[in-house]
Amino acid sequence: MKEITIIIAGPRGNMGMEAVKLTEQTEHFKLLAVVDTKNEGKRLSELDGMPNLDIPIYTDIEKCFTEQQPDVLIDLTSPESGRVHLEAAIDHGVRPVIGTTGFSQEDIERLRAKAEDKEIGAIIAPNFAIGAILMMKFAQTAARYMPDVEILEMHHDKKLDAPSGTAHKTAQLIAEVREAKKQGHPQETEDLPGARGAELDGMRIHSIRLPGLVAHQEVLFGGPGQTLTIRHDSINRASFMPGVRLSVEAVLTLNTLVYGLEHIIE
Ligand SMILES: NC(=O)C1=CN([C@@H]2O[C@H](COP(=O)(O)OP(=O)(O)OC[C@H]3O[C@@H](n4cnc5c(N)ncnc54)[C@H](OP(=O)(O)O)[C@@H]3O)[C@@H](O)[C@H]2O)C=CC1
Ligand SMILES: O=C(O)C1=N[C@H](C(=O)O)C[C@H](O)C1
């Protein structure tokens, strides 16, 4: 297989560390450098817990792309940084694979227009786990028949964004097939603000944050005399890596921005 050269942004994070391991374990992946918030000028091998790789650490993505010409950028940082990194990658002809969540629909449309203008492939994947993609697909199918639905997403308490990118994407996929309807009692009230969760197209999304959790989601459907629960659990971050690998390979074949791996795993 042809070698794919890669830069990872966010290498010290939970996901970034797994992604660094993935590049080490995948024969045709070559990690050229990383982008971190600190450690400018150091080598990756000097950081605790990192593999013995003599590659540079940059804190400035522009400098990184001036000195390095990778095929792909993997971004696992924060929405603010992810936006900047994605745009910089496209400007430099580098194909971005963005796992970072928290992008708005406006961000996605703007970034898609930019990718199309430059005729370059890009992927924003709110969830790389195959089971989570299936959960979203199954939920979209179920919503055709059971339009009353609530989404419950549960994550570790270090998570910055709420609702999760996965919950947001699930609601969007359901909204594509479900006639918009306001759920619950027409006269329901919230005696404590937020008690009914966030609302998207009449659906409710509830976000739980607890130590001990990794990434979990239930999509609950209700109909007369019955309920249906579709649940996915990521019990560790290795669950996301086959999807990261697939995305790095797939992004090379695209000439637009794809939002969601359900468009890649048909
Ligand atoms: N798509 C998917 O399947 C998954 C997506 N995610 C998403 O990935 C993102 C990261 O998650 P996670 O690894 O758990 O988070 P962590 O907080 O563990 O890691 C984020 C890392 O990004 C670094 N960082 C922030 N800004 C920059 C920047 N400008 N340049 C370089 N590095 C930067 C942080 O550095 P510092 O600590 O110094 O700020 C930190 O090391 C989140 O948005 C999360 O929602 C998570 C799991 C799965
Ligand atoms: O922050 C996380 O951990 C995760 N973030 C993604 C999201 O927001 O959906 C994917 C997964 O749920 C883990």
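Cβ from N, Cα, C; glycine included.
What TrEMBL records for this protein:
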ACT_SITE  His155  active site, proton donor/acceptor
ACT_SITE  Lys159  active site, proton donor
BINDING   Lys38  NADP(+) binding site
BINDING   His156, Gly165, Thr166  (S)-2,3,4,5-tetrahydrodipicolinate binding site
DOMAIN    4-128  domain 'Dihydrodipicolinate reductase N-terminal'
DOMAIN    131-264  domain 'Dihydrodipicolinate reductase C-terminal'
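When secondary structure is read from DSSP and collapsed to three states, Thr166 ((S)-2,3,4,5-tetrahydrodipicolinate binding site) falls in the helix class.
Within the domain 'Dihydrodipicolinate reductase N-terminal' (4-128), the DSSP-based counts of helix, strand and coil residues read 49 helix, 28 strand, 48 coil.
Distance between Cα atoms for Gly165 ((S)-2,3,4,5-tetrahydrodipicolinate binding site) and His155 (active site, proton donor/acceptor): 11 Å, as a whole number. Taking a C-beta cut-off of under 8 angstroms and a sequence separation of 6 or more, Thr166 ((S)-2,3,4,5-tetrahydrodipicolinate binding site) has the following same-chain neighbours: Thr101, Pro126, Asn127, Ala132, Met136, Glu153, Ala215, Gln217.
Neighbour counts of Cβ atoms within 10 Å were compared for the recorded positions Lys38, His155, and the top value is held by His155. The 6 Å Cβ screen around ligand 2 retains Lys159, Gly165, Thr166 from the recorded positions Lys38, Lys159, Gly165, Thr166, ordered by sequence position. Here the residue listed as 'active site, proton donor' comes close to Arg209: these same-chain residues lie at least six apart in sequence, with C-beta atoms under 8 angstroms from its C-beta. In terms of DSSP secondary structure, the domain 'Dihydrodipicolinate reductase C-terminal' (131-264) contains 46 helix, 39 strand, 49 coil. All protein chains included, Gly165 ((S)-2,3,4,5-tetrahydrodipicolinate binding site) registers 21 other Cβ atoms within 10 Å of its own Cβ.
Confidence across the domain 'Dihydrodipicolinate reductase C-terminal' (131-264), taken as the mean pLDDT and rounded to a whole number, stands at 96. Comparing His156 ((S)-2,3,4,5-tetrahydrodipicolinate binding site) with Lys38 (NADP(+) binding site), their Cα atoms are 24 Å apart once rounded. For His156 ((S)-2,3,4,5-tetrahydrodipicolinate binding site), the number of other Cβ atoms no farther than 10 Å from its own Cβ, over all displayed protein chains, is 14. Other residues of the chain with a Cβ within 8 Å of the Cβ centroid of His156, Gly165, Thr166, the (S)-2,3,4,5-tetrahydrodipicolinate site, are Thr101, Pro126, Asn127, Glu153, His155, Lys159, Asp161, Ser164, Ala167, Ala215, Gln217.
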